[in-house]
Amino acid sequence: MSGKEKEKSGMRPTASRQHLFLAEQRKLHTRYAWLVPAGFLALLLLWTLASARNFDDMDRATGYQYFLYSMSLMNSIFMPVMLAVVASRLCDMEISGNTLKLLYTLERPGRFYDIKYLFEMKYLIVFSAGETLGLILLGKVMGFTERIRPDMFAEHFIAMTAVGAVILSIQHVLSLVSDNQILPLIVGIAGGFLGLFSMFFPAAVNRLVLWGYFGIFSVAEVDWQRTTDEATYLSYQPLPAGSFIGFLAAGVVIYLIGKWIFLRKEV
């Protein structure tokens, strides 16, 4: 069916997924959105390096466990803020420019919503990969004697990316339905602090806080009963499969609810 026939029949012309991705890339060409995750990643790695500057031989023997544990805690603070800034940066063009109605003449709103989210996910995946590889490189620089556990680092990457993806789905819909990007940024900052403080809540309450799952799914834990002022006892803990699958299922529901809210927005 030709373009004119589609117009006569009332069908909306749609662009291919590849063209939509290319269009998003062109829109961000001069906005330097990649500086946001790069800046946060540099901050986290420098912070981690500074915290390990006084490690002795005993600390270096469990250095990677310390890195994975501390990075999970820092992710609970910084990653929600980073995701809020990324989502705001990528969605602000359509909101501030009031171009959604024009875009909807070329593409279905639901498909636009999905493509935009996938484009934001690209920054999250690169951030998580850079963080995981950066911890390994820092351990080499610091002279850690602990054996590298590829399975634990892989699980760290998967867990942090999964939790970040669910939080990103919330920031994504907030950035697209808010006329002002202040609200999504406030939610990101508040979520980061809530995620950190939730680690001090009872386990049943902690599991109700979405931002707290950075700590819940940490692949390293501290044995507080044995830890003293002189020594910190750490150990690896595999990612809990049942809880993780349940979290992913809840994440899909959260994404679909956000999409439903967006589709009901009038433009």
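Backbone N, Cα and C define each Cβ position, glycine as well.
These come from TrEMBL:
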type	residues	note
TRANSMEM	32-52	transmembrane segment
TRANSMEM	64-87	transmembrane segment
TRANSMEM	123-145	transmembrane segment
TRANSMEM	157-176	transmembrane segment
TRANSMEM	182-201	transmembrane segment
TRANSMEM	244-263	transmembrane segment
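Looking at which of 32-52, 157-176, 182-201, 244-263 has the most CB pairs under 8 Å to the transmembrane segment (123-145), the answer is the stretch 32-52. Here the listed stretches are 32-52, 64-87, 157-176, 244-263, and the one with the most C-beta pairs under 8 angstroms to the transmembrane segment (182-201) is 64-87. Tertiary proximity for the transmembrane segment (64-87) is limited to same-chain residues at least six positions away from its ends with a CB under 8 Å from its CB atoms, namely 33, 36-37, 40, 43-44, 47-48, 51-52, 120, 123-124, 127, 131, 135-136, 138-139, 144, 146, 148-149, 152-153, 156, 160, 163-164, 167-168, 171-172, 174-175, 184-185, 187-189, 191-193, 195-196, 199, 211-212, 214-215, 217-222, 232, 234-236. Here the transmembrane segment (244-263) has Cβ contacts under 8 Å with residues 109-110, 113-114, 117, 159, 162-163, 165-166, 169-170, 172-173, 176-177, 213, 217 of the same chain, all six or more residues outside its ends.
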